[in-house]
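Asks: Next up is a structure, given as structure tokens.
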2 protein chains.
Amino acid sequence: MLRTHTCGELRLEDLNKKVTLAGWVQRVRNKGGLIWVDLRDRYGITQLIFEEGEADAALLKRAGSLGREFVVQAHGKVIERTAKNNKIPTGEIEIKVSDLQVLNKAKVPPFIIEDDTDGGEDLRMKYRYLDLRRNSIREKLHLRHRMMQETRKYMDLANFMEVETPVLIKSTPEGARDFVVPSRIHAGEFYALPQSPQTFKQLLMVSGFDRYFQIVKCFRDEDLRADRQPEFTQIDCEMSFVEQEDILELFEGMIRHLFRAVKGLELEEVQRMTYDDAMRLYGNDKPDLRFGMTFVELNEQAQDKGFNVFDSAELVVGICAKGAADYTRKQLDELTNWVKRPQIGAKGLVYVKCNADGTFKSSVDKFYSQEDLKSWAEKAGAAAGDLLLVLSGELDATRKQLSELRLKMGDDLGLRDKSVYKALWVLDFPLLEWDEETARFHAMHHPFTSPKTEDIPLLETDPGKVRANAYDLVINGVEIGGGSIRIHDRETQQLMFSHLGFTEEEAQSQFGFLMEAFEYGAPPHGGIAFGFDRLCAIFGGSDSIRDYIAFPKNNAGRDVMINSPSSISGDQLTELSLAIQRKKD
Amino acid sequence: MLRTHTCGELRLEDLNKKVTLAGWVQRVRNKGGLIWVDLRDRYGITQLIFEEGEADAALLKRAGSLGREFVVQAHGKVIERTAKNNKIPTGEIEIKVSDLQVLNKAKVPPFIIEDDTDGGEDLRMKYRYLDLRRNSIREKLHLRHRMMQETRKYMDLANFMEVETPVLIKSTPEGARDFVVPSRIHAGEFYALPQSPQTFKQLLMVSGFDRYFQIVKCFRDEDLRADRQPEFTQIDCEMSFVEQEDILELFEGMIRHLFRAVKGLELEEVQRMTYDDAMRLYGNDKPDLRFGMTFVELNEQAQDKGFNVFDSAELVVGICAKGAADYTRKQLDELTNWVKRPQIGAKGLVYVKCNADGTFKSSVDKFYSQEDLKSWAEKAGAAAGDLLLVLSGELDATRKQLSELRLKMGDDLGLRDKSVYKALWVLDFPLLEWDEETARFHAMHHPFTSPKTEDIPLLETDPGKVRANAYDLVINGVEIGGGSIRIHDRETQQLMFSHLGFTEEEAQSQFGFLMEAFEYGAPPHGGIAFGFDRLCAIFGGSDSIRDYIAFPKNNAGRDVMINSPSSISGDQLTELSLAIQRKKD
């Protein structure tokens, strides 16, 4: 090794040791005859000292000429600092340097390599290797490392086998777009990159593997949004001979283990809620339970009093913001404008202030008496000092709008503390959802999810009402995992495909191997997959997954550091039996 | 759970417990009023018993109608067996079944699902999910699972951070062919799948990650040979501030840990040998050290005695097969024919038998006296009863031929015991190797490998003689890992690219990001990568990697189970701005 110790490990008890350190120059302070250098590596910072008289002139000169981010090796003796720094673990000592080698020089970095950097997003992506030098970023990737190790420990102890499924698989038109890989040997044919190992993990259950997991890269060729990546990582799991309850318990255990092992945190009991309740109470299938502010339906109280907006609405629904009755006219106007933005799409906002003296002040005072408003407040459990915010209109749209407003109020009132974690299972998802664009039903989860046995007859009469054996794990309003009990017999799987609009031939050519496998003794099975990037971000208290990925792509799916994607040679294209054929605009 | 216990866990101490088991029907023995069913799952086999009088007629009938591989759930009581089976851990008990559900039927499998199967390779690949049901295959994948977990434990303890590098990267013409992935958003541009995360792991060192590892899928679009897969898995590692010796020690430790943890085996000291010695003594850069039979160069002893074949040879070299002097004329003729096959390419084979009476019998008796032959035997350390086998010709070719013969003799004489493990570091590889086809030097390892400092001047005068800071780990004649100390400064990297025939523009466009990174404070670093599939096969005592991969491709790179690669739709092609353009034959 080019060092005897790291820059994070020397302490007072190492006094007088002869040591060799290696690392990066973080800072040089040059007082003429006295030079201090902060030497940094992954493990910490240690101060080097060069003193006139003690160090020879050449050494002093060399130390004085060091630039930021130079890589150096320093030999010296551990001494006690006169001015101690109790902010860092090595702050009681320094190294009196007797020899110094520059292992590599460094140009001046294009941005400051500290937690608080002056580098913009684009610059930091181009020089990602320098961005990764910043402690704050490296710590995020260290968290990710720990999450991976602890996930595997838990799964291994629970008898799950880690099995690598193939990356070069087959394209299926269902769901999001596949990335494809042209085959050179089989001209005109393509592999596809997996959107998930779904069919393979189900085959492993047919194989009797009993418990499978994998932390695995998946791929989706989507039009990218702010927080999507074309390649992402899943914790992918599947179990045989289980019922939904078994999966909920086992993976609640996994999340609990991760909080304990990685964050030293004891997670409260994971709550449970049906999809219907989540939509009714929070207008959202991934409610943030760090705060209440549940929906209060006011149709009965608010309709037939002459206020046409409410009278004509399918739903009148409000939330009670505790202690917000002192919102000013200006604040309320801002909220109204906020919900009327096209992104939210509400027509307007009705408020009711519960005054300290027991009276009410609302934006619809001319339609409603104090008694009327009191009945709203009572329904909402509002007390003096609280503020009711009410929206109305078509049911689904209004719920969606109020959900957005609820989250905004949670933010405004400081109720969404990033250090608090509230986990929730959302259960009984619908099996199918209607897609306006294609005018047919799509699988809400995926086509392998089983319907609840008692709802199967509804498939023929009212498909939208069929509930699935499907569940999502939500933490702080973010969906971090989802899964289902699968179909495990050919007949039900075929029925499902036909309800999804597959012809028999299409079902056979795309998923024939799976349906055939079901005929050779497939056990009942189910599973779950967690979005690992997002899980890491949640654990790190961040909204963005990008910092938790070592080399992310930008919003255009481009790696600006290596400049990819890029053109390939004509020879390569010829070998692949391909030609570029630009779309006509 | 649909079971209270697995099929592998019940023992005599569980007597009289009410249990529920679930699994696959391995075998049914029906003696009329008495039916036994072997129920199998991943954990073992438990015998179910159905007895007339005890079980009702309907239950007995249901048990009698079970077919192979049916999936069933059985409720019953643990009782002691009258006829115990000490071959399985559950052999002292059986389950007196009180109720039985068929969870799923099974068609008759296309081959027998036992260790000894009647299924051919092609059939087993098409129904891989049934092949994976066989214990012998599942155990191989369980070994792989354990290897992964133990590798990570060791690396984590040694402070390595597991970092996922991207799968969608950039195509580089150096080395093997890349698989490419057309970008839909950036028409006419392509990502490539990584042949290894080499440049990314080096960038992580520039980032100060200090110690990186990953168990990662890599991809090579090669014309497939028997034991190659288009996608394969590596244990990929890199460290900063290290010298070669540090890497050898750390990864010898890893291999030692794996043998101990996975096989309960204490690995002997890992030997070390230079590349030159390996070629001189074994004719091979990955010698199998489970047996000796080192090369003995006989030019001095065998030339200038009138035997023109030897006289005109660059090298006369032999091996001593201990105790093989009793090889018959027929056996020796077979050996001669074997070395003369085009795959080996020798012109002939000279043998010398060391007889029990101290005389010698050779195929070249007319050219050599007993004294001559005695001098050969002495040089070779051959004793009475031994057999010398001698080849001659051009140096490299002859070494290669004799290496093949040595391995064959090792096999024939039973010296290559699969339960014995001999590990070896091969050191001081050449930096460059001459490629006849392109008439230029190629990097023997890869272009990022550093030359030995003292050999750098030779780059201008005798490039083939330059030694690299490169090393391979070999176990039982199989290369399982290789690595090097890398170049970490722009100048040396540029020099290297120019010696490999890159123009400055080519080097810049392909690896400019890496060379630029080297200018911002790159630490000295080095690393290693292990072929994980092969490592698992070696640990499993197998020559073939395919059984250690859950869903392998066949020799044509095809997954015959899911039928991939396959054609994609015209719409997909249009979206990707591509057209199929078949090569003209």
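Glycine residues also receive a Cβ, built from the backbone N, Cα and C atoms like all the rest.
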Asks: Just to be sure I read the record right: B:ARG220, B:ASP221, B:GLU222, B:GLU479, B:GLY531, B:PHE532, B:ASP533, B:ARG534 are listed as binding ATP in TrEMBL. Which of B:GLN229, B:GLN493 is listed for the same site?
Replies: B:GLN229
Asks: Labelled region 'Aspartate' by TrEMBL, one stretch among B:6-9, B:198-201, B:502-505. Can you tell me which?
Replies: B:198-201
Asks: What is the Cβ neighbour count of B:PHE532 (ATP binding site) at a 10 Å cut-off, with all protein chains included?
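Replies: Its Cβ has 27 other Cβ atoms within 10 Å.
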Asks: Return the member of B:ARG220, B:HIS445, B:ARG486 nearest to B:GLU479 (ATP binding site) in space, with distance defined Cα to Cα and candidates limited to these binding-site residues.
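Replies: So, of the listed binding-site residues, the one sitting closest to B:GLU479 (ATP binding site) is B:HIS445.
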Asks: What does DSSP assign B:PHE532 (ATP binding site), in three states?
Replies: helix
Asks: Can you tell me how many other Cβ atoms are located within 10 Å of the Cβ belonging to B:HIS445 (L-aspartate binding site)?
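Replies: A 10 Å sphere around the Cβ of B:HIS445 (L-aspartate binding site) contains 22 other Cβ atoms.
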Asks: Among B:ARG220, B:ASP221, B:GLU222, B:GLN229, B:GLU479, B:GLY531, B:PHE532, B:ASP533, B:ARG534, the annotated ATP contacts, find the widest CA pair distance and round it to a whole Å.
Replies: 21
Asks: Could you tally the C-beta atoms, other than its own, that fall within 10 angstroms of the C-beta of B:ARG486 (L-aspartate binding site)?
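Replies: I count 25 other Cβ atoms within 10 Å of it.
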Asks: Mind checking which of B:ARG220, B:ARG534 has the fewest other CB atoms within 10 A of its CB? They're the binding-site residues.
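Replies: It is B:ARG220 that, of the binding-site residues B:ARG220, B:ARG534, has the fewest other Cβ atoms within 10 Å.
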Asks: Can you give me the average pLDDT across the domain 'Aminoacyl-transfer RNA synthetases class-II family profile' (B:141-552), rounded to a whole number?
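Replies: Summing pLDDT over the domain 'Aminoacyl-transfer RNA synthetases class-II family profile' (B:141-552) and dividing by its length gives 95.
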Asks: Going by Cα-Cα distance, which of the binding-site residues (B:ARG220, B:HIS445, B:ARG486) sits nearest to B:PHE532 (ATP binding site)?
Replies: B:ARG220
Asks: How many Å separate the Cα atoms of B:ARG220 (L-aspartate binding site) and B:ARG534 (ATP binding site)?
Replies: 16
